[in-house]
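As given in TrEMBL:
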type	residues	note
REPEAT	175-235	repeat 'Cys-rich GLG1'
REPEAT	304-363	repeat 'Cys-rich GLG1'
REPEAT	427-494	repeat 'Cys-rich GLG1'
REPEAT	499-558	repeat 'Cys-rich GLG1'
REPEAT	620-679	repeat 'Cys-rich GLG1'
REPEAT	687-747	repeat 'Cys-rich GLG1'
REPEAT	803-870	repeat 'Cys-rich GLG1'
REPEAT	932-992	repeat 'Cys-rich GLG1'
SIGNAL	1-24	signal peptide
TRANSMEM	1037-1057	transmembrane segment
């Protein structure tokens, strides 16, 4: 407060009014007698005061005062004798300031002589010239201001600003004593009729007064009001704007600081007991907010408030909406929100609307105290009664009102209702839409803020809901609960009793209808779902949320509401234009991808809905549209009727094959199971019609896009999704892919569901959304003629093509790895090896449980039998393909992955890190066979060596090295069963044949490896031994030696047999 330097007269006047009571205190008389400056009446009649009163140029100082004796009193002046006798009680005549207060207050009610009026005006002005009053002011406010004082009202201005800072709890604010606060407010009150008396404001706004209010006469606060109305003009000086804002803030703390408001509403305040304690200007009753709430309550109750008072109230309600800083609670509690979101938007109510937008949740979170302060301000300003109070709304919606609501009287409360009815129509402009929704958000949370609803329903609310007065609140029955109570009584039967009145019921319907306009709900839904709207969706006041809320709670709705919401949703699936919000949000996508140039044209709505789903992830798709489409898909799974084309295509099939099933996901499962069974059994005539099968395919593809569209899978894996895929967005099957990649970490229930899903996708790759999306272009390039169920097979065949997209190639590899983990995920292998699997691998099947995966054990078993050449031709062909693929990429061999992960990291890190998989990892393991420490890994590598003897294609490194030799030396020998490998071995032993050096070296390495393998892994049985012999390079020598041994044994048997026979005969003869 070091900036406070001067205390003019008016502060002193209020000080004495506070310090010297009217009744019998001689000290007041003595102080006045010893300090007051005497006024020359003749001089003042000729001086500047009349000019000021009549609106001429203001005169700052009156004529030189004439000193009188210390006993001079205003009551002794003849100019005021008659008025004093008529208006003021005699006991107050000895106190000059008591006389001044009496005449100042009573002149509003009756005419006071012009000479007396001039005397009072000059008396107030000239009191500033006596330093003794300054000393008294410094004494009263000595803890607040410094002793260094000077003129021009700067001390009062500084004290007023200090008072405001304290009220707003600004950082660095000084505490001001209560008596000093009252003195400051009294000074502001006594200067309220003429702006010349507020010296700081007068000097700050002299030029602005000449610019904006030149023709406005001084007196009765007219200049103040004129300047207030121009406060936010660009030409207004910042110093004047600051001074005006300070005075407005004082008015919000004490309405008497506004002369015009206090005068216009004095009678009404007394009539409705809004100013109980007039001796306490800083009491609760003196605050502008209390006055407005009290008188607005009277108006809303149908009481009569004078037109002049209502006009003043309108001005100050507009003032509160225009400048948020006039509300200390907003400044105090919303400081963080203003700094974070709304800085630089001070003028014309923009900051307040910005805070409303924050309160709606459009720009982040808002503090509860700030939200409450905003709600209180909206109640004080009551813009629902007259939209013009909200300047930002008025300016934004002026064009809409002139076109859509021109039939309604200007200022009528129905204007807001009219604007709500035209929300999202062609007549609505975006800026108006935003301002309207921001205001409506708060109006919707307090039933009293809709004046028409309050007028029609205040009796019902009091009778049925224990509602209090308009400006009273109750924690037991908050405003939001009142409206909930009203709608609960809206459709009670006569037997239930206590129903709403007809007029109130109509208004409750209107309010619910306005809320529903966000999504264009029809009157039928309003009539039938009133209970559910209040029960489930009372807080869903943002645009479009009510219908979504009802759809989300479809199962919990009452039957008649469920029917109408179901019918509306069913109709929306048939005609997308009913979904107005969705249409507006998705307009770019519709125009870009759905071949619609004019949204008002009659186009195929079901096609557009299907188109939106198909183009859900296009670049034109915004978040709002994507959320809307996904929500509609989630709603559709609740009832198959909500999918128009599916309903029309499959209605008869559902009735015949899936009776009593309503949920779409269950219907799709029922029909798809029927189609699958008919296909597997090769029935001549499918039970599901062709048109239904076609649409069923569309529905299955849509469901594969989002895990939430598979309720059983989603419910089973919700915990795993939160644990493993919490940062993965829904849509594009990304969550499903995340679950697949983390399959080993899933809970048993979720793992089972994911496995079943993969089993279905492998049987029908078109349902694999990620595969179809990533490989969309490659499918068009390589697999246009392939059947949908052979799509993955086609992609695998073209995987190593130079034209193959790397991302698609990576996705194909993922699916190959999945297929090799369990034979059940490879339908082609499963079918080809149908007889071989139980024949050779039954022990593995016996150990496995139904929910567990086999981790490639069956495939490994079949690989070994392939090496033994014991598989059926069809199964052998499939295993050969798997062997060739896994030989190039070790990741396709699950058992090798499981047992050799650590060894690969230790022995072959460079080969494993290579982007191109060409069999180098397997070759590295073969070369480092002696260094492998893990027995399981060593066994797998030995199996690879064994498999490579059966077919050279299984050994890609050897095949590459010997490709030219195979072409020259073994061209006539068909591949398979080790034939080409035997051919190369014979060529290696034949000295006449010259093999390529690399091929020769690789063959010799393989012989050494096989020899080592034979030592460390001897034959496990006769069949294994026979196989080793037949695949051995020395097969001829071995077979010859075996034949020779058999011949020798035969001859020996002949000789020994004859000798044995002779001995037995001799014994018999005995």
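Just so it is clear, glycine is given a Cβ too, placed from its N, Cα and C backbone atoms.
Annotation: stretch 620-679 has the most Cβ pairs under 8 Å to the repeat 'Cys-rich GLG1' (687-747), among 175-235, 304-363, 620-679, 803-870, 932-992. Break the repeat 'Cys-rich GLG1' (932-992) down by DSSP state and the numbers are 43 helix, 0 strand, 18 coil. Per DSSP, the repeat 'Cys-rich GLG1' (687-747) is made up of 42 helix, 0 strand, 19 coil. Taken together, the residues in the repeat 'Cys-rich GLG1' (175-235) have a mean pLDDT of 85 on the 0 to 100 scale.
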